[in-house]
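Asks: Structure provided below as C-alpha coordinates; questions to follow.
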(Lines of atoms letter the chains of each structure in order from A and count residues from 1; the text may use other names and numbers.)
(Lines give C-alpha, C1' and ligand atoms only; values in the text may rest on other atoms or scores of the structure.)
Protein backbone atom coordinates (compact mmCIF):
# COMPACT_ATOMS: atom_id res chain seq x y z
CA UNK A 1 0.00 0.00 0.00
CA UNK A 2 1.34 3.40 -1.00
CA UNK A 3 1.71 5.94 1.79
CA UNK A 4 -0.43 9.02 1.12
CA UNK A 5 1.08 12.48 0.86
CA UNK A 6 0.13 14.41 3.95
CA UNK A 7 -1.00 17.99 3.40
CA UNK A 8 1.31 20.57 4.97
CA UNK A 9 -1.67 22.09 6.83
CA UNK A 10 -2.35 18.73 8.51
CA UNK A 11 1.31 18.28 9.49
CA UNK A 12 1.29 21.81 10.89
CA UNK A 13 -1.88 21.10 12.90
CA UNK A 14 -0.26 17.97 14.36
CA UNK A 15 2.92 19.88 15.24
CA UNK A 16 0.93 22.77 16.75
CA UNK A 17 -1.04 20.32 18.93
CA UNK A 18 2.15 18.54 19.99
CA UNK A 19 3.85 21.79 20.95
CA UNK A 20 0.79 23.18 22.77
CA UNK A 21 0.26 19.99 24.78
CA UNK A 22 3.98 19.71 25.56
CA UNK A 23 4.08 23.34 26.77
CA UNK A 24 0.97 22.71 28.87
CA UNK A 25 2.56 19.61 30.42
CA UNK A 26 5.88 21.36 31.07
CA UNK A 27 4.05 24.21 32.80
CA UNK A 28 1.89 21.91 34.97
CA UNK A 29 4.76 19.57 35.81
CA UNK A 30 7.34 22.30 36.32
CA UNK A 31 9.68 20.63 33.84
CA UNK A 32 11.24 21.35 30.48
CA UNK A 33 10.79 18.11 28.56
CA UNK A 34 12.11 18.28 24.98
CA UNK A 35 9.98 18.04 21.87
CA UNK A 36 9.80 14.45 20.60
CA UNK A 37 10.54 13.56 17.00
CA UNK A 38 7.46 13.01 14.80
CA UNK A 39 7.58 10.25 12.20
CA UNK A 40 4.76 9.45 9.77
CA UNK A 41 5.63 5.80 9.17
CA UNK A 42 3.34 3.79 11.45
CA UNK A 43 1.76 0.92 9.53
CA UNK A 44 -1.07 -1.50 10.11
CA UNK A 45 -4.09 -0.78 12.29
CA UNK A 46 -2.28 1.21 14.98
CA UNK A 47 -3.04 4.92 14.83
CA UNK A 48 0.25 5.72 16.48
CA UNK A 49 2.99 4.46 18.75
CA UNK A 50 5.34 6.11 21.22
CA UNK A 51 8.94 4.90 21.03
CA UNK A 52 10.39 5.55 24.45
CA UNK A 53 14.09 4.96 23.91
CA UNK A 54 14.28 7.06 20.73
CA UNK A 55 11.77 9.58 22.16
CA UNK A 56 9.64 9.67 19.05
CA UNK A 57 5.99 9.44 18.05
CA UNK A 58 5.09 7.42 14.98
CA UNK A 59 1.78 8.22 13.32
CA UNK A 60 -0.13 6.19 10.73
CA UNK A 61 -0.45 8.44 7.65
CA UNK A 62 -3.31 6.44 6.08
CA UNK A 63 -5.49 6.59 9.20
CA UNK A 64 -4.44 10.19 9.77
CA UNK A 65 -5.70 11.27 6.34
CA UNK A 66 -9.04 9.57 7.05
CA UNK A 67 -9.41 10.89 10.62
CA UNK A 68 -7.63 14.23 10.62
CA UNK A 69 -9.29 16.04 13.52
CA UNK A 70 -9.32 12.95 15.75
CA UNK A 71 -5.57 12.55 15.22
CA UNK A 72 -4.94 16.11 16.30
CA UNK A 73 -7.36 15.97 19.25
CA UNK A 74 -6.76 12.42 20.52
CA UNK A 75 -3.92 10.42 18.96
CA UNK A 76 -1.14 13.01 19.28
CA UNK A 77 -1.89 13.70 23.00
CA UNK A 78 -2.28 9.94 23.62
CA UNK A 79 1.21 9.17 22.31
CA UNK A 80 2.74 12.27 23.89
CA UNK A 81 1.33 11.14 27.24
CA UNK A 82 3.25 7.84 26.91
CA UNK A 83 6.53 9.72 26.41
CA UNK A 84 5.84 12.16 29.24
CA UNK A 85 4.91 9.35 31.63
CA UNK A 86 8.13 7.55 30.74
CA UNK A 87 10.19 10.71 31.36
CA UNK A 88 8.32 11.59 34.57
CA UNK A 89 7.74 8.18 36.20
CA UNK A 90 10.04 5.75 34.39
CA UNK A 91 8.80 2.44 33.05
CA UNK A 92 5.22 1.82 34.22
CA UNK A 93 2.09 0.12 32.81
CA UNK A 94 1.35 1.53 29.33
CA UNK A 95 -2.21 2.62 30.11
CA UNK A 96 -1.98 2.59 33.89
CA UNK A 97 -2.93 5.18 36.46
CA UNK A 98 0.07 7.39 35.64
CA UNK A 99 -0.89 7.54 31.96
CA UNK A 100 -4.56 8.22 32.79
CA UNK A 101 -3.50 11.02 35.13
CA UNK A 102 -1.19 12.49 32.48
CA UNK A 103 -3.96 12.41 29.87
CA UNK A 104 -6.73 13.85 32.01
CA UNK A 105 -5.16 16.03 34.71
CA UNK A 106 -2.15 17.32 32.78
CA UNK A 107 -3.11 17.29 29.08
CA UNK A 108 -6.86 17.72 29.58
CA UNK A 109 -7.82 14.95 27.15
CA UNK A 110 -10.14 11.97 27.88
CA UNK A 111 -8.04 8.86 28.54
CA UNK A 112 -9.06 6.30 25.92
CA UNK A 113 -6.83 3.33 25.24
CA UNK A 114 -7.94 2.52 21.71
CA UNK A 115 -9.28 4.37 18.70
CA UNK A 116 -12.56 3.66 16.91
CA UNK A 117 -11.38 4.47 13.38
CA UNK A 118 -12.62 2.59 10.33
CA UNK A 119 -9.81 0.18 9.42
CA UNK A 120 -10.87 -1.12 6.01
CA UNK A 121 -8.19 0.85 4.15
CA UNK A 122 -5.34 -0.48 6.32
CA UNK A 123 -6.53 -3.99 7.10
CA UNK A 124 -4.48 -6.71 5.46
CA UNK A 125 -5.55 -10.28 4.78
CA UNK A 126 -7.39 -11.79 7.70
CA UNK A 127 -8.50 -15.31 8.47
CA UNK A 128 -11.95 -16.22 9.81
CA UNK A 129 -12.07 -17.92 13.21
CA UNK A 130 -15.05 -18.77 15.36
CA UNK A 131 -15.88 -19.22 19.03
CA UNK A 132 -19.26 -20.08 20.58
CA UNK A 133 -20.65 -16.56 20.33
CA UNK A 134 -19.25 -14.85 17.21
CA UNK A 135 -16.87 -14.81 14.26
CA UNK A 136 -13.40 -13.27 14.59
CA UNK A 137 -10.84 -12.11 12.02
CA UNK A 138 -7.25 -13.01 12.87
CA UNK A 139 -4.33 -11.26 11.24
CA UNK A 140 -1.85 -13.20 9.12
CA UNK A 141 0.67 -13.06 11.97
CA UNK A 142 -1.76 -14.49 14.55
CA UNK A 143 -3.08 -17.08 12.10
CA UNK A 144 0.47 -18.28 11.40
CA UNK A 145 1.18 -18.56 15.13
CA UNK A 146 -1.89 -20.77 15.50
CA UNK A 147 -0.86 -22.92 12.51
CA UNK A 148 2.66 -23.38 13.94
CA UNK A 149 1.22 -24.28 17.35
CA UNK A 150 2.87 -21.27 19.01
CA UNK A 151 -0.34 -19.63 20.22
CA UNK A 152 -4.01 -20.07 20.92
CA UNK A 153 -6.46 -17.20 21.15
CA UNK A 154 -9.65 -16.90 23.19
CA UNK A 155 -12.74 -14.79 22.77
CA UNK A 156 -12.84 -11.90 25.24
CA UNK A 157 -16.64 -12.24 25.55
CA UNK A 158 -17.19 -15.98 26.06
CA UNK A 159 -13.63 -17.11 26.88
CA UNK A 160 -13.74 -20.02 24.44
CA UNK A 161 -10.75 -20.83 22.21
CA UNK A 162 -10.94 -19.55 18.65
CA UNK A 163 -11.10 -22.22 15.95
CA UNK A 164 -10.34 -21.71 12.26
CA UNK A 165 -13.42 -21.93 10.04
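In case you wondered, yes, glycine gets a Cβ from its N, Cα and C as well.
If you look up Swiss-Prot, you'll see 79 marked as active site. As annotated by Swiss-Prot, Zn(2+) binding site applies to 78, 82. Residues annotated as domain 'SprT-like' in Swiss-Prot, with sequence analysis given as evidence: 19-163.
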Asks: Over the span of the domain 'SprT-like' (19-163), count residues by DSSP class, listing helix, strand and coil in order.
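Replies: Helix, strand and coil residues of the domain 'SprT-like' (19-163) number 57 helix, 24 strand, 64 coil.
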Asks: In this predicted model, what is the average pLDDT of the domain 'SprT-like' (19-163)?
Replies: 92
Asks: Counting across all protein chains present, how many other Cβ atoms fall within 10 Å of the Cβ of residue 79 (active site)?
Replies: 23
Asks: So what sits near residue 82 (Zn(2+) binding site) in its own chain, CB-to-CB under 8 Å and at least six residues off in sequence?
Replies: 50, 52, 94, 99
Asks: Do any residues at least six apart in sequence from residue 78 (Zn(2+) binding site), in the same chain, have a Cβ closer than 8 Å to its Cβ, and if so which, in order?
Replies: 47, 48, 103, 109, 112
